[in-house]
Structures are given as structure tokens and as C-alpha cells.
DNA sequence: GAGGACCGGTTTTTT
DNA sequence: ACCGGTCCTC
Ligand SMILES: Nc1ncnc2c1ncn2[C@@H]1O[C@H](COP(=O)(O)OP(=O)(O)OP(=O)(O)O)[C@@H](O)[C@H]1O
């Protein structure tokens, strides 16, 4: 595939700052990959190049492409994984131990909840979540706990206190949260210029994909690293900025030219991905954003089908349309399931799709979503291993000390935590001392003492095996067998089988993980990769993909659906109170649409079940913002009223705008004309409606 | 300390 | 409809 002149210009650029600003499908990622190959070809050592992508999946793909083309390995990762690399090497300069564990969102939330309770607040998950958001936002904006100021009426001084206490506890537990992985390297570089200088010498070329979604911390990190040599190459599309809620700031694009004076700016205008219909439809939508860089984007691919909008009556109808379309395209368009993807706004929307595909035997895979490693039984088992690896990790400790039940309830555990904190000991080591009688600061009943002894026995056993370099899978198996987690899984017979299967899967993953790497297989590395979500998920070859719009970034498929285009879903209800919010939702829709190569289907439903309640929806404003000439829809026959004759109508399914789906039970004439008695499922009542006025939709 | 009944908020998006 | 939190009883 030949690069166009603009792409060539970017790919052959060697030294100095460069910014590539270009629309969807114009080959930005392609340019990054090609430029890495070019640098390698002219002799730059692979160890001097760092490429940063938005997801681990994208990083793996890019690394593999480069490897295939040059046979060389280049460090390609997310910002967070780069943060871990830096911190593992140098965090001791900040007074942390370099054998830190990494807390996922659940762990951080538990810790924040604990901090709230310690500060005399009542236990409340919703408040803890808000706190977590505020702390996370602060870290991503490089605001320390000392400098924290409440930024909304919901946040109080308490949030600042929680932030301080939370950081203190993290340090005490030898743990970092996700945001620390960006925040601490910058703190380190500020504190120790010599360390920074060593990284500047080591990494001479930086490349950043999806630049429009970098936040302040990420920008600061690369700014530090590129300060001396200025060899920084960024590519992005302001119209695809969809992470402002995580602190992403398009102004980083403006800052780039300011912070790196003399930066070359290149634009790419040809889209190689989509047909004109799709590109123009998406382009028409995005022009509705007022705050915007105008960009040219065109495609040579004329013809093809228009974008299809399907207005469904209810969710069942929407699912039926999707299934029919999928099967039709598989038969007639020579597409495989792997060529198809469905995007939605929220993860919850995948449920109905899953049910539908399961019932039809259509193979599917969910990309992203609730991770395997977030499942309770997996987290429980891993918590045992983590406590053995990180004896200070009180969050993992608390997760499993009484799982299965060992007669150690909240108050006993609290005593242990307090006493351990008092004596400044790792919680596990404290318990070891306690049962050996080396410490008498906590008195336990016989039963409780037996419980602690049993727990400690398991962990010491695990630690011993780890010292002997026993295989990771064997450690996990041992942890599972010794801990008695079987008992707690069996407590819920409904789900037990699935959960045992998940445990099995984890063991198998560990086995193949170890087989893949020969020497460097420490259990610590294994746990770290799991925390970063960096495991390469094996893609199913013949499956249709289902993912959130956010996860669709950077991908492409011949056929795409964007589903649930209703007001309050997309745009989402929580984003509607500001123009910026709406504009970001519009960009989200734009990103989804521009993933499609040849076929694009947008669906909207007028009747939905939400929180167990029925709700009427109005079509998303975005649908009406797409220029009509690129669209075909079923809108025209949507309002058709079929004039039925009396008896033929009985038993038919109909749909009423207000009452939802129903079945005609009786048909007769009144002075107003043809009238039906209709039983409405959702209301569980029968109503008599005049056909002429009821505007029923038939035959669905 | 464990287990059950009851209440209320909940779903935005991810590394 | 579901999960997490609280309150109550044993
Ligand atoms: N010069 C070219 N000739 C042919 N195909 C190309 C060329 N450049 C890129 N492509 C193809 O166009 C598609 C889109 O490229 P790429 O994913 O790099 O775009 P992008 O700008 O990163 O897209 P987005 O920002 O929407 O994720 C890919 O399939 C790529 O192989």
C-alpha cells in the first residue's frame, strides 16, 4: 500500500517536534507505525524509541506490526504501563518501596470507603465514588492532596481530607492506584532532575497516538521526557476527543505548538476507510459542534449503500432488526461475523444483545466490559496470592481474611488493622507475630485465634512455595485448595458451576502465560500485567464484536451498528446539562460512525424497559443532524396506519405510542368507527381504542 | 458473628 | 430488577 505525499512527509520526519492533525481513517495510526519502522531502518536503536497508545490492545497491535516489518521489538504501551516501568526502576527516590502493588478501581474504592469511615463519615458507596472521581481528577490535573480545593458544591473539605488519608494509606499498604502511575513519575522527575535526564538520554524518540485524549498528567510526562531532544511525534483528531471526563484536554494540541516551538504540523485529508456516504453522514453530524477545528476529509470510495437508520418500536424489534441484518449481510454481502461490530453507549446495553445472539447461536465477543479479572471469585483467589506477595496490602487482606468464614467479623478485623497500624507493621507480619505470641496488643477468643492461625498458615505456605519458584499456576491451585474458597463458591449453587469454570480458566491462563515467557516469569510480573489489564486477550476469529463507543476508538469494521440512538442514551442523560457535554456525546457518535468501512446501521427505539420500568424514548437529536441525502430509513412507513377489517385483526400484535405492545382481542364498530379491545402487556389491562385515532403500529 | 429482611439508589464512558 | 448497606434476631 503506497503512502500519500503527506503521509510520506510525516513518516520520513526524523528529528524535532511534529504534530499530525487529521480526521478519522486518514491513516494516522498507520503513519505512527510506519515512522517507527523508518526510524529503525535508518539505524535508530529500538531501545531508544517509545510509542504510546491509548489501550493495551492498540499497543500490542502496533508492537506486532513493527515486529513483523522489522523483526525488532519497540517499547509500545499505554501511558500507565510506561509509568510502571519508570516507577519500578526509580520509585525508591520518592520514598516508596519498588515492590508496590497496583490497586484497581475496586480496590481504590474500598480504600476510599475505609478512609471515609475513619474520618467519621457513614459508609456510603455513592459518596465514595464521588470522592474517588474527585481524587482521580485531581491527580490527573497534577493537584496534590495539600493543594486540593473542592471544585463543586458536592465536594467538601472532607474530600480533601480523604485524599490525604487515602495517599497515606496507599503508601502504608505499599500500593499505588492507577492515577499514581502517571502522577508519581512526574513528581519524581520534578524532585530528581538527574533521574529525568537519564530517561531523556535513554529514550530519544517519542511517538503518541490518539493525542487528542491525553490529559494534563500524560502531557506533562511526555513534555518532561522530550524536553531536551524535542523528538516528539504526536497524531490526533480533535473531533475524536471523547475522554474529557478523564481530564483529556484538546488544548494540549494548542499547547504543543507553544511548548515545542518550531513544531511541524501536518494534515492528512484522504480517508481510506469508509465510503463517501458514511464519511459525509458522519461529517454532517460533527459540523453541528460549534467548538471545532474545520478539517477536510474525503474518500475515493463512491457508491455503496446509504447509512441506514432503523426506528424500532421497542427493544425486541431493535434486536430482531439487528439479527436480520446480520444474517442478511452474512448471506448476501459476503461478510463474516468477524467483519461486524455493534457499538453502544453503556455496558448495560450489551445484555439484550447477548441474549439475542445466544438465542440465535450467533458467535459474539465482548471487547472491554466487565473484565474477567474483576469477577468476585477471581479477585478473591488473587487476593490470597497478593497478600502473600505484598504483606502490607491490607485491602487484599481484608477481602479474604474471613472468606470462607473463619469467625472473624468486622470488629475483630478492625482491632487487627488498628493494632498493626499502631505498631507500623505489615498486616500479615503483624498477624504472624500475634499467633506466635510475639505480640499481645490484641487479645482473641479461642475461635478467633484459630481463624487467624489458619489464615496465616495458608499465607506462609504460599510464601514458602513462592520462594521455591513453584510455577504460578501451582501457586494459584494451592491457594485455591488450601483457602477453602470452594466453600464460599458453593454457598451460591446457582452460579457455582460458572465460577468454578472461571477459576479453571485462570489456572489455564497462568499456565499459558508461563509457557509464553521462558525465563522472566515472576509471579509479580504476572500480577502486574493483570492489574494493568495488559494481558493479550485471544480474539475469537469468527465472532461478531460488541463494545462501547469508547472502546471502538481506533478500530475499523466493514459493517457497524450504533445502537440505542435515543435522547438520554446517546446523548446520555448525565451529559446533557452542558453544551460541552452534548458536543462530546456528538463526537462519541462520530467516532462510532467513522469505524464503518462499507455498511453503517443506526438504530433507535421508541419504547424501552429501564430499571424494570417502561419508558418512552425520543430519537436522538443526532439522527436528525445527519444530512438526509446520505440516509435511508424506515421512518416513512413508521406512521402508516393499516386499515384492518374486523375479524382479521383479532390476535394481532400492535404497538401504541403510550401503552406499548398489545394484542387485539376484539374488533367491532362503534359510532366513532372501527374499535379494538386491546390487552396491553405492560399495563396488564385491556383498553378499547378507536382504530382511526389510536395510530397503532401493526404486525410487529 | 452470622444470616435474613428490608430499603434505596442505580448505569456513563476506562487506564 | 439488582446490589449494597442497615437493622434485627439468634
Ligand atoms: N496510503 C494508504 N493507502 C491505502 N490505505 C491506507 C493508507 N493509509 C492508511 N490506509 C488504511 O486506512 C485505514 C485507516 O487507517 P488508520 O487506522 O491508520 O487511520 P486513523 O487516522 O488512525 O483512524 P482513526 O483516527 O479513525 O482511528 C486502515 O485500514 C489503513 O490500512
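Each residue's number is its place along the chain shown, starting with 1.
Every residue gets a Cβ built from N, Cα and C, even glycine.
What TrEMBL says about this one:
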- A:1-275: domain 'UvrD-like helicase ATP-binding' (DOMAIN)
- A:22, A:23, A:24, A:25, A:26, A:27, A:28, A:29: ATP binding site (BINDING)
- A:276-554: domain 'UvrD-like helicase C-terminal' (DOMAIN)
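Same-chain residues at least 6 positions away in sequence with a Cβ under 8 Å from that of residue A:24 (ATP binding site) are, in sequence order, A:237, A:239, A:240, A:271, A:273, A:274, A:279, A:282, A:297, A:590, A:591, A:594.
Other than the site residues A:22, A:23, A:24, A:25, A:26, A:27, A:28, A:29, same-chain residues with C-beta atoms no more than 8 angstroms from the centre of those residues' C-beta atoms, the ATP site, are A:30, A:237, A:268, A:271, A:273. Within 10 Å of the C-beta atom of residue A:23 (ATP binding site) sit 26 other C-beta atoms, taking all shown protein chains into account.
DSSP classifies residue A:27 (ATP binding site) as coil under the three-state reduction.
Other Cβ atoms within 10 Å of the Cβ of residue A:27 (ATP binding site), summed over all protein chains shown, number 24.
Over all protein chains present, the Cβ of residue A:26 (ATP binding site) has 28 other Cβ atoms lying within 10 Å.
The predicted model assigns the domain 'UvrD-like helicase C-terminal' (A:276-554) a mean pLDDT of 90. Taking Cβ-Cβ distances under 8 Å and a sequence separation of 6 or more, the neighbours of residue A:22 (ATP binding site) in its chain are A:28, A:235, A:237, A:266, A:267, A:268, A:269, A:295, A:297. Listed in sequence order, A:271, A:272, A:273, A:274, A:279, A:299, A:556, A:594 are the same-chain residues six or more apart from residue A:25 (ATP binding site) with CB atoms under 8 A from its CB. The DSSP secondary structure for residue A:22 (ATP binding site) is strand. The Cβ neighbour count for residue A:28 (ATP binding site), using a 10 Å radius over every protein chain in view, is 25. The number of other CB atoms found within 10 A of the CB of residue A:29 (ATP binding site), across every protein chain shown, is 19.
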